[in-house]
Amino acid sequence: MAAQKDQQKDAEAEGLSGTTLLPKLIPSGAGREWLERRRATIRPWSTFVDQQRFSRPRNLGELCQRLVRNVEYYQSNYVFVFLGLILYCVVTSPMLLVALAVFFGACYILYLRTLESKLVLFGREVSPAHQYALAGGISFPFFWLAGAGSAVFWVLGATLVVIGSHAAFHQIEAVDGEELQMEPV
């Protein structure tokens, strides 16, 4: 029991929570709970990418039904596909990586300064929200030069194409308790 607590303390010291393996940078609260729910409801990747389950829908009604049901069923998987596309976009754009480093570096410096003492400019105490807005203002030219706007729209477009294609062409999972649909004769 003591060894298990020591391992958990070591993991927390490394920046990971022993129970969830989520980074400590994600504050506890609604964001962490949402991410934990997504991880808990993720569907098996083997069924998500099974090529034998892809087929062309017969008609528009089946296409719409597939879209709705697959987006609902694979919602957590689609969130991680979206996060993967964001990661791919950031890693393949060195200038965007530099802009993000400048922004997060400025935020980290401001965070360390607020731990030491309050920031005072022209005799007035500057709130943390204004400090982070200043960091964003300083980083804005870097984001503009890196083409962050086009990167955002690329990620959104790629996400819609990938998720829309998967949801439209992946056959619907059989759900327990689903009513049998009878065709009119």
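Yeah, the Cβs are placed from backbone N, Cα and C, and that goes for glycine too.
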Residues flagged as region 'Required for interaction with prenylated RAB3A and VAMP2' in Swiss-Prot, choosing from 30-54, 55-79: 30-54
120-130, 175-185 - the range that Swiss-Prot marks as region 'Required for interaction with prenylated RAB3A and VAMP2': 175-185
